[in-house]
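Accompanying notes for the structure given below.
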């Protein structure tokens, strides 16, 4: 049976990890490659790098980070952030990334999903969806630009559309849950996971190990992603896996 | 020297790096001479079956891979590279494969998520030098089509995804892994290491 995946996410700016990193035995807390190698050893199933560089130089640096990471780790990793063309995808995949995450660019140009999928295969096209509950609609709305801009697009519709266009996986972030540490948005996750036939990575809201149990059991997620709780050592990947195993969830 | 066959498909960098990390020399190449001179060869691959075979034909590498396999030196197909070893695939129409192993490649059909993506546990179905010193565990899969070998004796390991799924195949010196050993943690690296050892043993016996 397929194992549920635990995925730490690293925000990278100009080739350095930003946002809190509180690791012992880390010579350089800002080096994404070193941190990636530690998560690999800790039993992470995959990694996500989110490039938040705002400059061309910063993006060029990311290619080097990807190349070094690919030479260091033995698990798959996704790179997202600022990717808006198949040329961008090709550069990152050639450097050793396994999957490409697209978010705002996919909303702006939905054909990008199909183009990437056709050239590189559906398995490496991850469509990231930032969703927030819209009380007028009684369902979730898609936001872009790191959650700043509402799009007027319904998240469930967009998820299905992304699948139809060739996405191999969805990275679903609940903006309502993100940062709360109160747990994943189970309702949103279950609704999206139940609407598509491709894997869904749930993101936003993880505060402790039990939250991952919930997102798999009730949220029907295929993978759970978190950033700060892993970086700040509030909970380790190992502890999450132990908790999941104890609850009968299949993990590696 | 292990040749990583470059026919314009797939993530050659990771496979090459993984082989180097195991202490072997890897050469990413599309040169028939370099491939045929190598002690071992890896056929990687990500993407569609039909495109991959078209690329192999256009680059003239189809006959090179077949000649290599016939030489008895170890060949390892990874992911799509494993599927290409079979007779045919039904991915986007019927396409003829390399025909090194009898059998075909079909799409997952059922009420479950496709692609089969993530970590799944291996079941060793028979002994193989690839498994020397190893216990089965989880490895990383990502595929929407799976291989159905005609001969049971060619099947070395399976995994369970709503049915037994072909994970490792082998016949003579031709091997294939549906998952990505270079992305499968310690077990993946250990399996790859056993292939590297096989190459070294074969080379010293020739």
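Placement of Cβ uses the backbone N, Cα and C atoms for every residue, glycine included.
Copied from TrEMBL, the annotated features are:
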| type | residues | note |
| --- | --- | --- |
| ACT_SITE | B:79 | active site, nucleophile |
| ACT_SITE | B:180 | active site |
| ACT_SITE | B:182 | active site |
| DOMAIN | B:4-196 | domain 'Glutamine amidotransferase' |
Distance, the residue listed as 'active site, nucleophile' to residue B:182 (active site) (CA atoms, angstrom): 11
Measuring Cα to Cα, how far is the residue listed as 'active site, nucleophile' from residue B:180 (active site) in Å? 6
If you average pLDDT over the domain 'Glutamine amidotransferase' (B:4-196), what do you get? 95
The correct three-state DSSP answer for residue B:79 (active site, nucleophile) is coil
Hey, does DSSP put residue B:182 (active site) in a helix, a strand, or just coil? helix
Using a 10 angstroms cut-off on Cβ to Cβ distances, just flag whichever of B:79, B:180, B:182 is the loneliest among these active-site residues. B:180
